[in-house]
Amino acid sequence: RVLEPGXEDPDVGEPAGEYEHHLLEX
């Protein structure tokens, strides 16, 4: 599941740290 910046949902089950890391890699 791809979340949009500023709209990340803590219920997604994935740590926000990894989500932000993907944005940076990204």
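Positions of Cβ are set from backbone N, Cα and C atoms, glycine also.
Listed in Swiss-Prot for this protein:
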- 1-26: region 'Disordered' (REGION)
- 1-12: compositional bias 'Acidic residues' (COMPBIAS)
- Glu4: 4-carboxyglutamate (MOD_RES)
- Pro5: 4-hydroxyproline (MOD_RES)
- Glu8: 4-carboxyglutamate (MOD_RES)
- Pro10: 4-hydroxyproline (MOD_RES)
- Glu14: 4-carboxyglutamate (MOD_RES)
- Pro15: 4-hydroxyproline (MOD_RES)
- Glu18: 4-carboxyglutamate (MOD_RES)
- Glu20: 4-carboxyglutamate (MOD_RES)
- Glu25: 4-carboxyglutamate (MOD_RES)
Within its own chain, what residues at least 6 apart in sequence put their Cβ under 8 Å from the Cβ of Glu25 (4-carboxyglutamate), listed in sequence order?
none
Tell me, if you would, which residue among Glu18, Glu20 (modified residues) has the fewest other CB atoms within 10 Å in the structure shown?
Glu18
